[in-house]
């Protein structure tokens, strides 16, 4: 069927902010889809609230709306633009849910908009647990015994029939939110109550637990002519019971017999046909390891995390082709862009093994529950490609950036045997390392299989790795053994440790003896046809398929897996850097390992190397390609951390020099630079011992901000108010020594201001200045940022610009620079300088119209900013007000304190833009998922230091008709100020206490500021968690509360009686 000519304009719904369960894979899918539709000649309108994405760039769609993804706002856009059709299957769960809402509210019918791709009925059949089960029964496809429940009573009734364990899956939620496995009544009550609350339709599916079965996924595609193919089948190494987003996954499956593979393949194709899906779809199945019994677990009728992985694993662009199927094209008339010859209806074949390992945020959340289950906890993932499973696994392990270069983890090495067994029986994020350790201690594969339910095949492969360690230990310096170890995927660092050599020694020996990797192409057809795509992975074989061209090249280092503190913003900058290199006439080569992102789409760069971002793996590419240089500014801390080692190995770094990077990152050199430039910073010093830290704090006076040197996303930063707290921090948060000094700074309360600038050694361009709503002390990534600044005087703005220009020139910055200032009165202090691309670059680029990464890259390559038409100073302010609001994934992470501080906790961001600050902030808050109620009750419980300030806020809440609830201490303060308030009992008092008030939904907002004491048992912690579990906005900073009040005040008319406020003379 040729493409449809009866539609012209298509609205694409994006997936909104990055949260756990819905990350960069949808930016990749959405970008591909918009470009594919434009390629076919349609007009594309995109709506998405996430400014950090490539897809919200103006060149991706014909019109881009960065507005909240809510029924109200999207309906307005539809009424204004009158699109012919809407494509919701590329916006994750958010896009699907929104399409269902728009249809139910009658908006689509009213405006004559049809849904493209998979039809609404099919979406509902796959997503609604009852309809799905009915369809499976009709098809004769087995599903686990289950019941749909709407209350706890119904849950009890089901469990009486089939017994524990049972799995709870809430309907229409994302990444298994609210779900879990229950093994007893207490867990049932807790998980079912949460699940019902979090499901938008208040229903859960309870099913017999088949935990322990093999979890297999098929990524399938179908068109309107009923052509259907399997793009990729994948096997989860972790058995059923762990969310597939948290599982280690291999493609193609390794342990299925041909009969099992065909059995599950036929089931998947039968299901996608019965559902009538048009586009991409993901089918998850459970296979009994001991028989041919299987169950269908679920179907995602949309592009998903797994389809991004399948696209990158096979090279087959699922989202691009799904978008074209949606407008009527069929698989047998579309050419596969990878080979440029074969049609899209050929199933990809793989002659390599792909391994995906999730990246978890537990380095940021010490207290989080690390147990893995049906609710997703990973923020991102890495992928690696090798010729054997061992090679692929070890490459993926060293891509994770968790401080390991091999299957070796200190905690596992030092663990007692019983602890080790527990860690293997109950899966956590580090189970793989404990399994390796158990094998080293002589535990058998059989025992490990019994403990973990992981297939013996994978355990034997890990044993091969452990056996090779022994061979290496026994044959130091043996070149044949070295060759074999490299073939299994061992890193130079791992071999060096076993041979008591340095990593560079091993590299030198290999180079001398020609034990170097070759690069193979990812071509979708196991080398059967020649391929058009320059997409490579390394392995130790004979023939190299990556041909070096005559054109001078530049290598860009990507930012690796998404984690808190280093998100999609860095991928955005990487992609723009690559595009700018191409524009400048060089060959752009990228090295990265994140399967979710646009940067690892083979059509982004001239050449893509899917490799770990370690000095060794990057050097291999450099040795082959011989580029004119390497750019490290855009890959976040990942790339910056490789700079010193690369330069030591003779690599030319482009842009700001290593010496200048070091002057910005090294505390003492930085202070010296500041004093030479005459720029003030808060008093502070570096400590290399606990005693020294105490002495510095006493000298400059409390409160002080303490943090380790060289960190991203404020890891292990804290504000301490006295000696006791400082000692607690020094003992628990950091290991201080001369190699790892700790910075101790005077903490200044003031406004925080952030600036990004581009410099070329002479000209310094400042696209814009952002003012933070939360005062200094809240991590910049967790603050609400406003452009243009709302409360800064002209004098302060001039000072900020002056200091920025002086710093950029003084530190000889070539490329990007990010500075954070604190403003106290008319004094401006520098808090920190990052000589690289930052988290705010995409937001600022979009709202100011200054293509920052593009200009920075061209400056790095030698073009002067003045030649590009820019001059030193702050760019003219754009009309309108723009706010960047952080988005958190607290509902997914139990046991994590949501209070804001110097350590970053948000996973994503949204934008709000309008003509006034209040309207923009309203949109930003709504887009971030905060429901703003024009009336109701506010619950206040604030620390003593904040009570004075809370009085003014409480009075304003009362003025707009909010009822005030407060705990005793706060209530006393309010009563004394003459404000009417209802006292709520503290946690340990009689019911109804504060937790009951929150649970029963009697408060619309909770304002709770931190009393010191981070322990999970503290009252404040329990109040904040209770608010999150019940979906009530909980503000832990009075600044955020004040901003929200401004929004509420602007929405309500004031009602004052005529006598009030009249002054009698």
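Heads up, the Cβ atoms here are built off N, Cα and C, so glycines get one too.
From the candidate list 707, 723, 878, 894, the residue Swiss-Prot records in the ATP 2 site shared with 746, 748, 752, 777, 778, 779, 780, 820, 832 is 707. Binding of ATP 1 is attributed by Swiss-Prot to 129, 169, 175, 176, 208, 210, 215, 241, 242, 243, 298, and the same site annotation extends, among 161, 254, 284, to 284. Distance between Cα atoms for residue 707 (ATP 2 binding site) and residue 832 (Mn(2+) 4 binding site): 12 Å, as a whole number. Applying DSSP to the domain 'MGS-like' (930-1065) sorts its residues as follows: 56 helix, 21 strand, 59 coil. The predicted model assigns the domain 'MGS-like' (930-1065) a mean pLDDT of 87. Between the CA atoms of residue 777 (ATP 2 binding site) and residue 832 (Mn(2+) 4 binding site) there is a gap of 12 Å. For the pair formed by residue 832 (Mn(2+) 4 binding site) and residue 779 (ATP 2 binding site), distance between Cα atoms is given as 12 Å, rounded to the nearest Å. Secondary structure at residue 748 (ATP 2 binding site), as computed by DSSP, is coil. Separation of the C-alpha atoms of residue 748 (ATP 2 binding site) and residue 834 (Mn(2+) 4 binding site): 20 Å, rounded to the nearest whole number.
Under the three-state DSSP scheme, residue 777 (ATP 2 binding site) falls in the coil class.
If you take the Cα of residue 820 (ATP 2 binding site) and the Cα of residue 834 (Mn(2+) 4 binding site), they are about 9 angstrom apart, rounded to a whole number. Comment: ATP 2 site residues 707, 746, 748, 752, 777, 778, 779, 780, 820, 832; largest CA to CA distance 18 Å, whole number.
Residue 820 (ATP 2 binding site) falls within a strand when secondary structure is assigned with DSSP.
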